Structure formats: C-alpha cells, structure tokens
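Colleague: The following feature annotations were taken from Swiss-Prot:
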type     : residues       : note
ACT_SITE : Asp124         : active site, nucleophile
ACT_SITE : Asp260         : active site, proton donor
ACT_SITE : His289         : active site, proton acceptor
BINDING  : Trp125, Trp175 : chloride binding site
DOMAIN   : 49-295         : domain 'AB hydrolase-1'
Amino acid sequence: MINAIRTPDQRFSNLDQYPFSPNYLDDLPGYPGLRAHYLDEGNSDAEDVFLCLHGEPTWSYLYRKMIPVFAESGARVIAPDFFGFGKSDKPVDEEDYTFEFHRNFLLALIERLDLRNITLVVQDWGGFLGLTLPMADPSRFKRLIIMNACLMTDPVTQPAFSAFVTQPADGFTAWKYDLVTPSDLRLDQFMKRWAPTLTEAEASAYAAPFPDTSYQAGVRKFPKMVAQRDQACIDISTEAISFWQNDWNGQTFMAIGMKDKLLGPDVMYPMKALINGCPEPLEIADAGHFVQEFGEQVAREALKHFAETE
C-alpha cells in the first residue's frame with residue numbers, strides 16, 4: 001500500500017475563479033487506497049469530451065478559464081488532478097512517482113469514465129504524459145489542443161526535446177532549481193515568478209493543495225524525471241512520436257506562449273513538424289509557460305478552427 005496524505009478540504013474553500021464541483025474515484029485498478037480527483041463539467045451526455053491535463057506544479061485550477069468555454073460549446077469537460085497534485089491524494093515518497101505511475105492513472109481514468117470522441121488538451125507534463133495516450137486506444141481520440149509541450153525521448157534525435165533540455169541557464173535549469181532546491185518551497189511565490197500576470201489570489205489558489213513540504217513530493221519529482229528519464233518513458237515516448245507522425249488523422253490546434261523559456265517556440269515548431277496535419281500555431285506574444293492563463297482566447301480560437309476545418 002502506498003503511503004499517501006490528503007490535502008484538507010478547507011484549503012480549497014472560496015478559491016478565486018474555481019466554482020467547480022469535485023468528483024472522486026477511490027477504486028482505480030493499480031492504485032489501492034488512493035483517491036483521485038477530477039472535474040466533470042458541461043453536458044455529461046455530450047458526444048464530445050475535452051480531456052484537460054495539467055502539468056508541473058499545477059492542478060485542474062489551471063483550466064479555470066478554458067473549462068467554461070468548452071462547456072458552453074455543449075461538450076463534456078474532464079480535468080483530472082494527477083496523484084500528488086490538486087485534490088488527489090499525495091504519496092509522500094518520491095520513489096512512488098514514475099512515468100508509468102502517472103500514465104497508467106490517466107489510462108485507467110479514461111477507461112473507467114469510458115471517454116470517447118476525446119479532444120486531448122495538454123501542456124507541460126500534461127503533454128509529456130498525455131501525448132502518449134492516443135496510441136493506446138486511437139479510436140477514443142478525435143482532436144488535439146497542444147500548448148507548450150513535447151515528448152521526452154532522445155534529445156540527440158528529436159529536435160523538440162533537444163531544444164528543451166539544452167536551453168540557457170534561465171530555462172529548465174532555473175526551473176528545476178526553483179522547484180527542487182528550496183527546503184521550504186512556496187508555490188505561490190514560484191507561480192508569481194514564472195507567471196507574472198497572476199494576481200495574489202490566483203497564485204495562492206495554485207498553492208492551495210500544498211500546505212507544507214510533506215505534500216510536495218510529486219512537485220519535487222517531476223523535474224528530476226525530466227533530467228533522468230527512465231527507460232519506460234523513453235520507449236513509450238519514442239513509440240508516440242511514430243504515432244503522431246504516421247497514424248494521427250485527427251484535428252489539431254497548437255498555441256504557443258512566446259515568452260516561455262522552457263517549452264517555447266524553439267520546442268514547439270519542431271513539435272509542429274512532428275504532428276501529422278498540424279496547422280500554423282496561434283502565437284500568444286504575452287503568454288509564458290502557463291499558456292492556460294490566456295486560456296479563454298486559446299479555447300475560443302481552437303473551437304473556431306475545429307468548426308472551420310471539420
């Protein structure tokens with residue numbers, strides 16, 4: 001049994017711009033004793049489903065500006081919190097967090113909720129993991145919205161990931177340092193540094209799931225998993241590259257936060273070349289790493305693109 005802790009509910013009281021009702025699963029196969037949280041908004045009987053995957057060090061709060069737009073279109077919107085994040089349980093041992101631990105959770109969630117006609121919405125680790133999902137069951141996936149994300153493979157052979165891991169010191173090196181080094185990580189301060197457009201209330205909401213460092217094992221582990229990729233991650237991600245190049249026939253929309261020092265245009269344009277049929281991206285000049293902070297614009301532009309090209 002995995003040793004995990006649960007963020008007290010009162011930490012999530014009266015969060016700014018987060019009026020959504022919680023949903024939980026506590027019996028997913030392979031995760032005994034762990035309770036997972038997800039949002040389930042919009043029309044529960046809709047044919048189309050938007051599956052919105054957050055990254056590091058965020059949670060479903062990241063999609064607060066996109067969920068209403070997707071829901072207004074008549075679709076169902078699912079936004080899970082990875083284990084270690086948001087309202088989901090948080091294993092306290094960093095060793096419990098692996099690429100397959102997170103990926104298999106997403107696959108189990110999709111199967112349990114029987115999600116179909118999925119528009120996959122990804123950014124950061126939501127992309128590292130999410131971009132490996134469609135090849136597992138392509139019939140479930142219909143469209144892709146990708147924002148500042150890539151696949152973690154071999155940087156020698158893949159330009160997108162190479163651009164990510166070979167950045168100047170103010171890129172991934174600084175990001176990892178800010179998350180891994182502090183003995184008392186203040187995630188509200190971290191978010192304000194990397195997303196300066198945030199209000200104090202928004203930054204505090206991002207930090208709500210993490211009352212102290214004992215809740216932050218998942219946050220600390222993600223950057224280490226980039227620096228030291230396990231073989232399963234490399235193998236699965238390499239297989240996914242072939243899928244997106246050769247087998248993907250769905251609609252795609254790409255948005256790039258142009259100020260991102262991690263997964264900005266140097267990463268995203270090689271990703272565009274990798275994804276079959278990917279159109280010219282929406283470049284958002286003022287957006288950094290957390291593109292979803294400009295999410296209403298991205299969501300509306302994506303829906304418009306899908307309607308015009310369907």
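Just so it is clear, glycine is given a Cβ too, placed from its N, Cα and C backbone atoms.
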Colleague: Checking your reading of the structure: which of the recorded positions Asp124, Trp125, Trp175, Asp260 lie inside a 10 Å Cα sphere centred on the residue listed as 'active site, proton acceptor'?
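Modeller: So the list is Asp124, Asp260.
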Colleague: Sequence gap of 6 or more, Cβ distance under 8 Å: name the residues on the same chain that satisfy this around Asp260 (active site, proton donor), in order along the sequence.
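Modeller: Looking at Cβ-Cβ distances below 8 Å from Asp260 (active site, proton donor), excluding near sequence neighbours, one finds Asn148, Ala287, Gly288, His289, Val291.
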Colleague: In terms of DSSP three-state secondary structure, what is the assignment for Asp260 (active site, proton donor)?
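Modeller: Note: Asp260 (active site, proton donor) is coil by DSSP, not helix or strand.
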Colleague: Calculate the per-residue pLDDT averaged over the domain 'AB hydrolase-1' (49-295) and state the result as an integer.
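Modeller: PLDDT averaged over the stretch: 95.
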Colleague: Write down the Cα-Cα distance for Asp124 (active site, nucleophile) and Trp175 (chloride binding site), rounded and given in Å.
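Modeller: Each residue's Cα considered, Trp175 (chloride binding site) and Asp124 (active site, nucleophile) end up 12 Å apart.
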Colleague: With DSSP assignments reduced to helix, strand and coil, which class does His289 (active site, proton acceptor) get?
Modeller: coil
Colleague: Whose Cβ, among the recorded positions Asp124, Trp125, Trp175, His289, has more other Cβ atoms within 10 Å than any of the rest?
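Modeller: Counting Cβ neighbours within 10 Å, the top one is Asp124.
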